[in-house]
Amino acid sequence: MSQLSSTLKRYTESSRYTDAPYAKPGYGTYTPSSYGANLAASFLEKEKLGFKPVSPTSFLPRPRTYGPSSILDCDRGRPLLRSDIIGSSKRSESQTRGNERPSGSGLNGGSGFSYGVSSNSLSYLPMNARDQGVTLSQKKSNSQSDLARDFSSLRTSDGYRTSDGYRTSEGFRIDPGNLGRSPMLARTRKELCALQGLYQAASRSEYLTDYLENYGRKGSAPQVLTQAPPPSRVPEVLSPTYRPSGRYTLWEKSKGQASGPSRSSSPGRDTMNSKSAQGLAGLRNLGNTCFMNSILQCLSNTRELRDYCLQRLYMRDLGHTSSAHTALMEEFAKLIQTIWTSSPNDVVSPSEFKTQIQRYAPRFMGYNQQDAQEFLRFLLDGLHNEVNRVAARPKASPETLDHLPDEEKGRQMWRKYLEREDSRIGDLFVGQLKSSLTCTDCGYCSTVFDPFWDLSLPIAKRGYPEVTLMDCMRLFTKEDILDGDEKPTCCRCRARKRCIKKFSVQRFPKILVLHLKRFSESRIRTSKLTTFVNFPLRDLDLREFASENTNHAVYNLYAVSNHSGTTMGGHYTAYCRSPVTGEWHTFNDSSVTPMSSSQVRTSDAYLLFYELASPPSRM
């Protein structure tokens, strides 16, 4: 079980920091699990630190719920990695400052969704069709498979196809190209009413739109649908229950063509060689899964992670842990392999991968809107657990490290962490954060070192001439005064004292994920911050935030996960720089288009993916 310590874990388990126990929330409740107002200890140092808050005081924000109180709806806030939800794994959340957003207030994928409005209350058949006794299924939540099956049933079962059109058993001829003016039976009119209702429900589905066009094309009759392909873009108001059974399938985006991979006919694409064309396949939206597609494309363009999957190096790391679960890593690798062996115009269906991620993290079951950062956390945690090289984790040692200098203490803490958590995923994404808490009366300073997967950065308030990423980093690492109700208890003074809290980066990861906190929380509502943050594409120098002297803290941007919309609904896309060609592309679900590097910086940037620069670029 991953032992990356979250703030909530440290607050709940540390006898030094907490006198009163914190109740563990049930599934579906929101609990902040990143750095809040107080400093916390790592799991090995929880008995060593000399500060503890007064028991009646809690500095963690209270949960807040929006919308219906169903499990999936009320569980869209910050994830709590509990063993009863995702098995026996548990890891730290990203390190963040300030209040976290409440339940239901994430940057949610999809568009047109409003919290508090159940999509299951919608009906997609017109009233006249229902009044006439249409025999179609009256389910209020239609999957793509159901729509396709019902659509196929609209054919007159006792009719037959002829060279001049379509005839019923009674002898009436129906011209498919002139249905509106052909004589027809009352049953046929009912079916056309039902057809109209289905068309309204599936008007945004590329697959059913193609079928409708073929149905109305003169001189052709509809083909019998035996198996519906994965949906391309399910209407955002639908709550589909589609459960695909096939592997990753390539479906042609162009209308009127047979399914299967094909090359784009856009100018310039056909002249690209196979090497430069790799990695440009789109991902089909299975229904509000744009948050997942955005993160998958960012990870697909992570050079070392891509090579780990393409070269099948993950196979040697599978099955080392006591848990035999390896399906998530295998499906993720297969998906990356499919993306990188497809033509630019191909669309890959990530249905099998979604099946595995929702088995690992049930919060992603169904087709509700989700937060991209939360999805990234769960995904990396699951991949890490399945390829962890540590077969048997040693028990935590009671050895004290307080007598060591901070630099040596940090190294020892990192060594102890690797004794329990050692994977290729962690090699790429995990860094180490140093937290210090200093008493202003006696000067006693306590330090802890915690692993992190990403950093959540507050966004500077409006009024600045320009908000830069460096401003956000400085705001994250600046000294905070803990006073008043926030005073912790100093064990040396044996009283609550005014203290200074400060963060710094002890160890920089190879892949640095920066989360821009685009939510402003108030007691009334949570709003999205659309502040434009200017971030560099190359040579992001973070050496001033290092806890010790280092020259290895310069990064280059290679991917951005964007969110457009509001807290009530929106859409996720990704901007990625190819590790092969170095060119930027926009990944918008099934659509992949080239873009200029000058277009990468927008006010929709939500997650920034930086890779550690090679020595020549740091000159």
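Including glycine, each Cβ sits where the backbone N, Cα and C put it.
Per Swiss-Prot, the features are:
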- Cys290: active site, nucleophile (ACT_SITE)
- His571: active site, proton acceptor (ACT_SITE)
- Cys439, Cys442, Cys490, Cys493: Zn(2+) binding site (BINDING)
- 1-17: compositional bias 'Polar residues' (COMPBIAS)
- 90-100: compositional bias 'Basic and acidic residues' (COMPBIAS)
- 134-146: compositional bias 'Polar residues' (COMPBIAS)
- 259-269: compositional bias 'Low complexity' (COMPBIAS)
- 281-613: domain 'USP' (DOMAIN)
- 1-213: region 'Necessary for interaction with MDM4' (REGION)
- 1-23: region 'Disordered' (REGION)
- 54-112: region 'Disordered' (REGION)
- 133-175: region 'Disordered' (REGION)
- 221-275: region 'Disordered' (REGION)
- 417-517: region 'Necessary for interaction with MDM4' (REGION)
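Annotated features, which come from Swiss-Prot, shown on the structure.
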residue	record	DSSP class
Cys290	active site, nucleophile	helix
Cys439	Zn(2+) binding site	strand
Cys490	Zn(2+) binding site	strand
His571	active site, proton acceptor	strand
- Note on the structure: Students should find that the Cα atoms of the residue listed as 'active site, nucleophile' and His571 (active site, proton acceptor) sit apart, in Å rounded to an integer, by 7
- May I ask for the distance between Cys439 (Zn(2+) binding site) and the residue listed as 'active site, proton acceptor', taken between their Cα atoms and rounded to an integer number of Å? 46
- Pairwise CA distance, Cys442 (Zn(2+) binding site) versus the residue listed as 'active site, proton acceptor', rounded so that it is a whole Å: 51
- Whole-number mean pLDDT, the region 'Necessary for interaction with MDM4' (1-213), equals 42
- Helix, strand, coil: count each for the residues of the region 'Necessary for interaction with MDM4' (417-517), based on DSSP. 20 helix, 47 strand, 34 coil
- Across all protein chains shown, the recorded positions Cys290, Cys442, Cys490, Cys493, His571 give the max Cβ-within-10 Å count at Cys290
- Note on the structure: His571 (active site, proton acceptor) sits from Cys490 (Zn(2+) binding site) (Cα to Cα, rounded, in Å) at a distance of 47
- Task: List the Cα distance (Å, whole number) between His571 (active site, proton acceptor) and Cys493 (Zn(2+) binding site).
- Result: 52
- Item | Neighbouring C-beta atoms (10 Å sphere around the C-beta of Cys439 (Zn(2+) binding site)) | 23
